[in-house]
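Undergrad: Sharing the features that TrEMBL gives for it:
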COMPBIAS  1-11  compositional bias 'Pro residues'
COMPBIAS  37-46  compositional bias 'Pro residues'
DOMAIN    94-159  domain 'Thioesterase'
REGION    1-47  region 'Disordered'
Ligand SMILES: CCCCCCCCCC(=O)SCCNC(=O)CCNC(=O)[C@H](O)C(C)(C)COP(=O)(O)OP(=O)(O)OC[C@H]1O[C@@H](n2cnc3c(N)ncnc32)[C@H](O)[C@@H]1OP(=O)(O)O
């Protein structure tokens, strides 16, 4: 994972950290963050988490060019996920685009919030790209919550090529912020909000819109 960020020298009286001071990344949980228990409503370990929205670029089954990533609840506050790099996900020839890989990490980290049974959105996401990922390869992602502090949910993930024992290609740390239903209904395009709320799949609807922060 990322080490502490050492700040550059700052001018006196600027309010910035002193020269040489160690400044933790905003995605690193503070010392008084807690790792809470799974929510009672959380899917059981081994349960597929499904898609929170059919048209999601990360997990939606109706998004033909999307990642169609599938995640499974792990033990504790952990999930695993898989996605196969499609030809349409290329950046360099024959290689996954870094933004697509970052999306896979974002999506997987986002699914962790179901284990806390709370909606949350990405506030900050940091990624390290360690190894190129070829088209057609499967990326296997393991993600875990590292701490909760008020509305802030800290998490980290690692993506490996081919399976759980494959070489590490990408690492990420994130800060998610808990939000209420209004975050989506206020900011989202009305026709899409209506379509999601009209979804006959009650489980999907409850996961997407009826969880209580
Ligand atoms: C139904 C479930 C759906 C799940 C979808 C999952 C999809 C995958 C995940 C995503 O990609 S979500 C889409 C990408 N993210 C966004 O669109 C979020 C856009 N940003 C916002 O809407 C707001 O900035 C945000 C809700 C994140 C925060 O606004 P708020 O007004 O609610 O809170 P505020 O700004 O007061 O911040 C709360 C705390 O978080 C901190 N914070 C917020 N953003 C931060 C940031 N970027 N870096 C560091 N700290 C941050 C902030 O400093 C503060 O700390 P303190 O409590 O200590 O004062």
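Any Cβ shown, glycine's included, is placed from N, Cα and C.
Whatever TrEMBL says is automated annotation, not expert-curated.
Have a look at these and tell me how they're positioned relative to everything else.
TA: For the domain 'Thioesterase' (94-159), the DSSP counts in helix, strand and coil order read 18 helix, 33 strand, 15 coil.
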Undergrad: Apart from its near flanks, which chain residues at least 6 from the ends of the compositional bias 'Pro residues' (37-46) lie with a Cβ under 8 angstroms of it?
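TA: That would be 72-77, 114-118, 211.
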